[in-house]
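As recorded in Swiss-Prot, the features of this protein are as follows:
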type: TOPO_DOM; residues: 1-22; note: topological domain 'Virion surface'
type: CARBOHYD; residues: N20; note: N-linked glycosylation site
type: TRANSMEM; residues: 23-43; note: transmembrane segment
type: SITE; residues: W41; note: site 'Seems to be involved in pH gating'
type: TOPO_DOM; residues: 44-97; note: topological domain 'Intravirion'
type: LIPID; residues: C50; note: S-palmitoyl cysteine
type: COMPBIAS; residues: 71-80; note: compositional bias 'Basic and acidic residues'
Amino acid sequence: MSLLTEVETPIRNEWGCRCNDSSDPLVVAASIIGILHLILWILDRLFFKCIYRFFEHGLKRGPSTEGVPESMREEYRKEQQSAVDADDGHFVSIELE
């Protein structure tokens, strides 16, 4: 089977490609993009559990503290905790009867 932009037709006793502009840069770019899309789609379907598990856990980790002094890390933790403590008063308890 040929590329998506080519049409195979019987010419005399052979199968040949009847393409006028197969060297057109737009046709070549579209073919390359189509092939890459197909490859990425196949890889996504094969490894989707690994890929999405990586993104899910990667997003839950929070900001990186690499290279940050311990005192600044502790200060950041205190700020985060105080923000959580301050928000506790905004919750409303609703009791259903």
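Residue numbering: from 1, along the chain as shown.
Keep in mind that glycine also has a Cβ here, set from the backbone N, Cα and C atoms.
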Averaged pLDDT score, the topological domain 'Virion surface' (1-22): 56
Pairwise CA distance, W41 (site 'Seems to be involved in pH gating') versus the residue listed as 'S-palmitoyl cysteine', rounded so that it is a whole Å: 14
Helix, strand and coil residues within the compositional bias 'Basic and acidic residues' (71-80) as assigned by DSSP: 10 helix, 0 strand, 0 coil
Around the Cβ of C50 (S-palmitoyl cysteine), the count of other Cβ atoms that are within 10 Å: 8
Cβ packing number for W41 (site 'Seems to be involved in pH gating'), 10 Å threshold: 10
